[in-house]
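To start, the structure under review is shown below, and the notes come after it.
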Amino acid sequence: MQTIRIQLRESTQETVELRYWLPQIKHYESRRLELAQIADFLKQGERDYYKLLPNLSGIGQQLFFWLDGDGRWLSRGIANCRGEGLVIAIDTDKKLAHLPWEVLHNGEDFLVKRVNPVVLPLRWIEKETEGFSVEARQLRVLFMATDPEDVQPKLEFEQEEARILADTRDFAVDLRVEESGCVSELGKVWSRYFSQYFNDFDVFHLTGHASIKDEAPYTPYFITETEIGERHETTAAELAEVFRFRFPKLVFLSGCRTGQAPDKGAVPSMAEALIAQGARAVLSWGRPVEDRTATAAAAHLYGKLAAGYELAQALASTYQQLFKQNVRDWHLLRLYVQGECPGALVEVLGDVPPSAPEPAYQQFLDPDTQLVRVAKPSEFVGRRRTLQRCLKAIRTSLGVLIHGLGGVGKSTVTARLLERMVGYHRLVNFRQLDEDKLLKSLAEQCTSERGHEILNGKLPLMQRLTKFFTEGLNTKEQRFAFVLDDFEANLELRNGVYVLQPQVVDVLLALLKAMQNSQLPHKVIITCRYNFTLSELNHRLYREPLGALGGADLIKKYNRLDSFNGSWQFQPDLPERAKQAADGNPRLLEWLDKILQNSPKSPDAERGVEMILQKMAEKEKEFREDILAQELLKQQTPALRLMLGKLLVYELPVPLAAISPICEDISSWESHIQRAEILGLLEVTLTNNKERLYRVPRILSPLLEFPENSRGEELYKQAAQILYRLWWKEVESATEGQKLEIHRLALLGKDGEIAAKVASLSANRLWNQGRFREAINLCKSTLEITKNHSVLRQIAYCEHQIGEVDQALNYYQQALNLCPAEDEQELASIYHYFGMLKYYKGEVDQAIALYNQSLEITERIGYVQGKAATLHELGRIYADKGEVDQAIALYNQSLEITERIGDVQGKASTLHDLGYIYANKGEVDQAIALYNQSLEITERIRDVQTKAATLHCLGIIYANKGEVEQAIALYNQSLEITERIGDSRIKAATLRRLGMIYANKGEVEQAIALYNQSLEITERIRDVRGKASALHRLRMIYVDKGEVE
């Protein structure tokens, strides 16, 4: 592709020279610009583009006409282009990289949509660069996803990998995965690949969350993992250290804002910073981007690169593909290059089918049905820490033994491991292992005469295998990965413990000793329900316990099954009961999913529900029989069964410190723990610091005895107090799941004090995320055992938000009555939130009185966060009264406090309300700027309630400007959130606004339907002003129709 280069060169202190290097012309053409003019243009670009719904075509035309200039340089370059493609390389100097050149628009269409020539804008750093050799081979991509434990939201990186693999299956793409998510581990892998396999990767693809520091120097960073899965903020300089002297041809930083230059362009983006460190070409995203956009872009791009297209051609094709898919954020994809834009990364292999190894999952076939027994890449979820530990251990061990209850996915994890073990020849043995079977599998893959001679020789098995591994391989580089799958078939129950069958001992030891004696990196992976031991070499096998899915992994699994992801509608409790029965076991979950899908979609009759429940119960029983649970438990001592029964008290995996106090009356309980773990009767989960957590699978509960009546209640109370100490008092922060487990136990144990403490703080966190109904359920269950003023205040606020005004009033009054005088901070909070409700009801004077009571306390006790919130609400009252200056003064006081104490949520709310004031004053640009500041914060902290309100208000602005489609898009985004979180008030207002749009468009019936929906909600939640507005709008429609009555 031909290239236009556009450079900035300082001319004087106040002017610069803009130089145009056109194709086929040896000398540049230029024009002079004042620095102040460029600064104004940058300010305008910042204001117009970096907001929620930028006018892309308008911005693109401004950029085009500014760059085209009087000399019509761009227009001439396009018109005179020889060939099918033109690159517009724009210098990154003077903050130009911050402008969205991807949206260049010539008044007819975006340049990136052109054909003949195709036009591609990119950001260019001038430097002499050396060319690189291009070979006829597969495109080599190293893919690394990052997923630290404490970072939300969780990304679907498994789907991204699967989509790239699926979309490039017809092309020659060699996608290799670095599972660690850790930069230091990446460095080791990068070094090994260079020395062991080939000279370099063509592409490094990094996917995950990325951001920019909020304070100077506003450093961009990518959120990666430490070696134990914790959060680490990796800068461009740290990432560059991995690639020093060995940069790939292209780096794709597939994270939000990796292409955005912070501080309004004054600080280089992470992509540009990586270029400065030595990278040749870096792809990035200029703003937050949707997962599906990032995945679609990568998949299409790599397919084109693998087909031998130049990088510019492949990227231009990617933009056009995103257009075809109607992707909104296509323009966020940004390419930075150093020197010449790289051409093709590989040469096309021609009409030769790409030689790819058989996918690992296809080697796990059921011998009877010939169906795949493991999850395919598109179905795989989670198990990240398991894979990381196993891959790390397998480098220094003979192999890995993955053990756990049937159905938890041991074989699926093994298939995933094999995909990660590049260069290994896979031999999968299903169930029974014997000498003949082992030799047969080796002979079937052997292509050397010497190898067959050895295998057919008369040496003892171990010596024969040792000799084969050293002298009989097909090539010197051949390495085996033996998989002994479902290995429990080779064990027998003896004295209550599973041990190896006598005839299997010799074969397995012969294989392991031969692997060790060969001093070559052959590996073995064993999957087994039981953690058996070996008489020799036991220490050379790394053991990985595998339990049920939980947390984010389990949610991903639900989302892949139609019965649990909302695709089908059932009686409300059926999917939940199925989830409870499956207890996170993937196989049982899939069985129950099929039962639900094969049942009537909406079984109204009680008999239909009973039939489904009966089928699920039968499937649970079948599963218990399949894993031989009852037979195994019968072989155990009463003390072990008693211990397992008592441990049913915990639903989450817990440490030994939580087990010891409730099992201290059971003799030798520690040995029972070890025995139960070996037998798979006790699930073991390893934390990042290798602590072992234990849990009894719920599927065993019908076979165990749990203490009844008061003894059971005492056990629940004891367990609640233990976990409260371990997970609440002795650690900095418990997870949401751990808090809910403490709360569940406290309820069952009737420990009101613990239940109230956990419920109050947890409910607050839930409603801050817009999860009002979850918070209400949590509080209601607590109030059944204790009347606590803090819990009453939390539930009152949530009931108010979903429109249950009477309930909220009742709860607030109870909270005031019960709140001790000495708990002044809580009393101030009750006054504050009660004031919000009174104002909502139109009782303004009472609201102001309550706010002032709250303010008096917060000022006296120094509770500045509460003071800021109350000043904010008082500002809202004065704004509605039309006393704008007073309102702005109160908002600014609130803003000063929230900025000083770092209360970003409070700041976002105040920015939103200030935006509302300026919108009403007609200062639309100022209002939009404030709304966008608020949105940036609410998206970052996931304050969906304030975000929904801001989207609604932006919709009003765009509707008033006549930009109807943008307004509808904003209203619909707001509506999606309010419906999801149950915010009836904003939902009703948004429906009303949509009704106004459709009425103005002449779509009267649609408008009436929307007004009626709004009216129904406002009547239910007693929103007097909202109801009056809806009735007024309906009346106007009927008057226009002549239906006055």
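Using N, Cα and C of the backbone, Cβ positions are placed for all residues, glycine too.
In TrEMBL this protein carries:
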type: DOMAIN; residues: 85-327; note: domain 'CHAT'
type: DOMAIN; residues: 379-517; note: domain 'Orc1-like AAA ATPase'
type: REPEAT; residues: 789-822; note: repeat 'TPR'
type: REPEAT; residues: 828-861; note: repeat 'TPR'
type: REPEAT; residues: 868-901; note: repeat 'TPR'
type: REPEAT; residues: 908-941; note: repeat 'TPR'
type: REPEAT; residues: 948-981; note: repeat 'TPR'
type: REPEAT; residues: 988-1021; note: repeat 'TPR'
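Shown for the repeat 'TPR' (908-941): DSSP residue counts in helix, strand and coil, namely 31 helix, 0 strand, 3 coil. Here the repeat 'TPR' (789-822) returns a mean pLDDT of 94 for the predicted model. Distant neighbours of the repeat 'TPR' (908-941): 47, 50-52, 211, 288, 868, 872, 875-876, 879, 884, 887-888, 891, 894-895, 898, 947, 949-951, 953-954, 956-957, 960-961; these residues of the same chain sit at least 6 beyond its ends, with a Cβ under 8 Å from one of its Cβ atoms. Nonlocal intrachain contacts for the repeat 'TPR' (828-861), taken as residues 6+ away from its ends with a CB within less than 8 angstroms of a stretch CB, comprise 789, 793, 796-797, 800, 805, 808-809, 812, 815-816, 819, 867, 869-871, 873-874, 876-877, 881, 985, 1022-1025. Sorting each residue of the repeat 'TPR' (988-1021) by its DSSP state yields 31 helix, 0 strand, 3 coil.
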